Amino acid sequence: ARPAPVPERGACRSLPGAQGVNRARGGAVPPLAGGGSTGRPAARPGTPSGSPRFLPSGGSRCSRENFIHLCNPHLEKMKEDILYHFALGTGTHDFPALFGDVKFVCVGGSPSRMKAFIAYIAKELGLGSPGCDYPNICAGTDRYAMYKVGPVLSVSHGMGIPSISIMLHELIKLLYHAKCSDITIIRIGTSGGIGLEPGSVVITRQSVDATFKPQLEQVVLGKTVIRSTNLDEQLAKELMQCSKEIGQFNTVIGNTMCTLDFYEGQGRLDGAICLYDEEEKLQYLKNAYECGVRNIEMESSVFAAMCNLSGVKAAVVCVTLLNRLEGDQITSSHDVLVEYQQRPQKLVGYFIKKSLGKV
């Protein structure tokens, strides 16, 4: 029998920032459109070395402050932190100079979509010039893509919990080493809707697992730990208000079911393997709807859990490409799907403009 889940317990502190020195070992970062800060920010206030903050029983998040928290006491012993999947490191790049002015981070699955988003937000904020190309900061690797303009960072995360988890570990450390403060991270993406017309946008209240529980189960050192997957309620309300002000598409706040795969895990009938019938599938999706689930995707649970643990204000904004109560395959035309995929970008772009006083 599987051992019972145990509440998470571990050291959680604000660690002293690493000293990035921008030595050109392994290649320099391309110039960042919109620039970064020109000097190192003052040292961050934080927990003194040797005074760890412990996570309370149940896996509660670190206490919220304006700075990123790293729940890992081992990092302060490292002379250099190599963010392998970004091809960046504190020994080769000056993180505060490159990223210290970042206030908004938008993440999504596709590199091309995140490049399109940075071009869109640059235009909305009046930064850059028409037709300007934005260099991939992670050009030294083919795992993820990263783009920056002004205070906005746009990062791809691939597909599924493992891929976004790896990206988030390194992104959170990047923001920490850069001494960023007052960060908002928003995942923008696509999803399957439940009981919504295609093209509807869902702002996630809670990410729930395939049994409709608002939690992430993760096995660490052979033990199952449970992490909360709640998202920032006030941020969700602010995004909903922005959608009302835009007035271009249907938007709801609801629960998002995060699954481990695209086919059986989401109750599809069109995968290579399917050992249930249509009636069972529809009953499952109706049960999900009754539990407040309005869409299904594959990244939100670990996204919410890791942002909670790091003290970061976070939201998930996904457009629905179909109503799963009416079918499993996406049949809309390419042009329609492209317009749907732009809706989360429009909403989040408007939110960023409003936050910066540009609306």
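Positions of Cβ are set from backbone N, Cα and C atoms, glycine also.
Note that TrEMBL annotation is computational and uncurated.
If you look up TrEMBL, you'll see 1-60 marked as region 'Disordered'.
The domain 'Nucleoside phosphorylase' annotation in TrEMBL covers 103-352.
Sequence annotations record features per position, and here TrEMBL assigns phosphate binding site to Arg143, Arg187, Ile188, Gly189, Thr190. Counting every protein chain shown, 18 other Cβ atoms lie within 10 Å of the Cβ of Arg143 (phosphate binding site).
Here Arg268 (substrate binding site) comes close to Phe262, Cys274, Lys281, Asp328: these same-chain residues lie at least six apart in sequence, with C-beta atoms under 8 angstroms from its C-beta. Under the heading substrate binding site, TrEMBL lists Gln266, Arg268.
The Cβ of Thr190 (phosphate binding site) has 21 neighbouring Cβ atoms from other residues within 10 Å, across all protein chains displayed. Annotated pair Thr190 (phosphate binding site) and Gln266 (substrate binding site), C-alpha to C-alpha distance, rounded: 14 Å. Residue with the densest Cβ environment among the binding-site residues Arg187, Gly189: Arg187, by other Cβ atoms within 10 Å.
With Arg143, Arg187, Ile188, Gly189, Thr190 listed as the residues that bind phosphate, the site has a largest C-alpha separation of 20 Å. The average per-residue pLDDT of the prediction over the domain 'Nucleoside phosphorylase' (103-352) is 96, rounded to a whole number. It is 20 Å from the Cα atom of Arg187 (phosphate binding site) to that of Gln266 (substrate binding site).
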